[in-house]
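*Asks:* Pasting a structure below so you can have a look.
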Amino acid sequence: MGHKDSSFNVRSLIKDHFFRGPIEWDYRPDIIYKLLDLAEKSLSRQPSMLELRTPLVVCGDLHGQYQDLLQIFQSQGLPFQQRYLFLGDYVDRGTHSLEILMLLLACKVEYPDNMFLLRGNHEISSVNKYYGFFGELRMRFHRNNEWDGLYRRFCQVFGYLPVAALVNGTVLCVHGGLAPTLKSLDDLRSIKRPEIEPADGGLLENILWADPSLDCAHFSANTDRNCSYIYGKEAVDEIFEKLGISLLIRAHQMVDHGYEYFANRRVVTLFSAPGYNDSYENLGAIMKFTRDGECNFYQFDSATPVDRSRSRFTRIASTE
């Protein structure tokens, strides 16, 4: 079980979130700071590249769609029953990034061996300051002027998120994908944390932003992102041989059916935010590995939106 703080009951926070369902919470700033302190300690104990075994549920981008995170847990099992790996992009676009972070970080603290959180490109301050998360905090905490301090503290914790995971020794999971500077798995293990703002052109930036593409065979500049690379089938074949892997699971892009293969099914894109940003009719999907390493995809449609009409609940501050 996770680290306990006598003034803050993490398990009570988790229980209340599951029990109350998709509502908007009125969080006390001091509770947020306490959880972030605990989460930073938990994340800092882990290596930059996690090495995990199945069974495992792998999830793609969530982008502030808290109701769909709850839907995943309801269908696949709660974090004390099931092991999860999330590939980043918890924030921005959607309206409830804060609820997602509070629940996932609480689960990381309370169930550290069942909850694994990677970093996405939206867990970078130069991105989330402009695409929703910063504005969400400013709107929700403007009365007590706590938003700026909370935002800075979240960004510090983001810098401790692991950047890759190796599952069963042969399945590599990252947010974006491959880069020509990735020569071995030790390169991923050696990425230093915390790195709040990834260096321009560095390996961390490249793997957070890269995209597979049919428009090139090897590597080419990622002009759509203005950073990193696009990679083709030849690049996949070359990097896979160097790393000794058989499958790459990545997120980072909306795909209509929630998952999509590339390069002869050696790369799969996973996206777990259905009805993305209230602008698309895409499905969400997760990838579920059995203990034996067999995997299946589970697709799902948008859940009922977060209810903002009911009174907000604040019982999560309880120490009972």
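Using N, Cα and C of the backbone, Cβ positions are placed for all residues, glycine too.
Just so you know, TrEMBL annotations are computer predictions that nobody has curated.
Predicted, not measured: the structure shown is a model, and the values here were computed from it.
Okay, so TrEMBL annotates it like this:
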{"type": "DOMAIN", "residues": "118-123", "note": "domain 'Serine/threonine specific protein phosphatases'"}
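Can you tell me where each of these features sits in this structure?
*Replies:* Across the domain 'Serine/threonine specific protein phosphatases' (118-123), the DSSP tally of helix, strand and coil residues reads 0 helix, 0 strand, 6 coil.
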*Asks:* Looking only at residues six or more beyond either end of the domain 'Serine/threonine specific protein phosphatases' (118-123), which have a C-beta under 8 A from one in the stretch?
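*Replies:* Cβ under 8 Å, 6 or more out: 50, 61, 63, 85-92, 131, 133, 158, 161-165, 173-176, 208-209, 251-252.
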*Asks:* Mean pLDDT over the domain 'Serine/threonine specific protein phosphatases' (118-123): what is the value?
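*Replies:* That stretch averages a pLDDT of 99.
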